[in-house]
């Protein structure tokens, strides 16, 4: 059985697991990990097939969640960014006793646009899948550029994301394709109506991948959850607004 790359730091009385997004790895959290580890016992994870978690092929969302959970603390706040938000949500649905609170960051329960639902057009996701086989490094870079577009620090933030990708070996094409397939097909809108733990959803007002118009729709669908929008952030608010991001998480800790 292959192991997930996992790093634990800090000695807070609350565990916080951080799950990164598509194409990236746990190095993306380095902009906030020192500060967070003074408040939490922090767990940095490379999702299966990404970063240092080698030897995994394409996986379903359920299998990815189970693989991550095998090395996790008994109970933690689970925070997932983008694709990682789906993994954290899946864990909250299947193992609620392990989840002290669920936090999703720039994530959607259904990334793909559907009838009366805003998201990424399916042909855009299919296009990324096609381009991966032609020039996957350039495709990943294009996807990263989309994530920071519109912010005051867009170039700087895009460079930070690119540096994270290039710091470690690139994921295999089938792993990247598998991640895109999850983004294209998964829809957790109805299942997440049933979670009972504290549920905080964080968004960037300028996010081009998760439109802000879904926020009030989910406020209505999930009245038990809370939402918070970073006014000048795009898809990676923890990179563009690290201090504000940390304050939001520390405030959550006081409540759970």
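Cβ from N, Cα, C; glycine included.
For the substrate site, Swiss-Prot gives 82, 83, 143, 144, 145, 146, 147, 235; the one candidate out of 22, 29, 117 that the record lists there too is 22. Sequence-distant neighbours of residue 235 (substrate binding site) (same chain, six or more apart, CB under 8 Å from its CB) are 82, 106, 146, 147, 148, 204, 207, 208, 209, 210, listed in sequence order. Per-residue confidence over the domain 'AB hydrolase-1' (15-242) averages 94 (mean pLDDT, predicted model).
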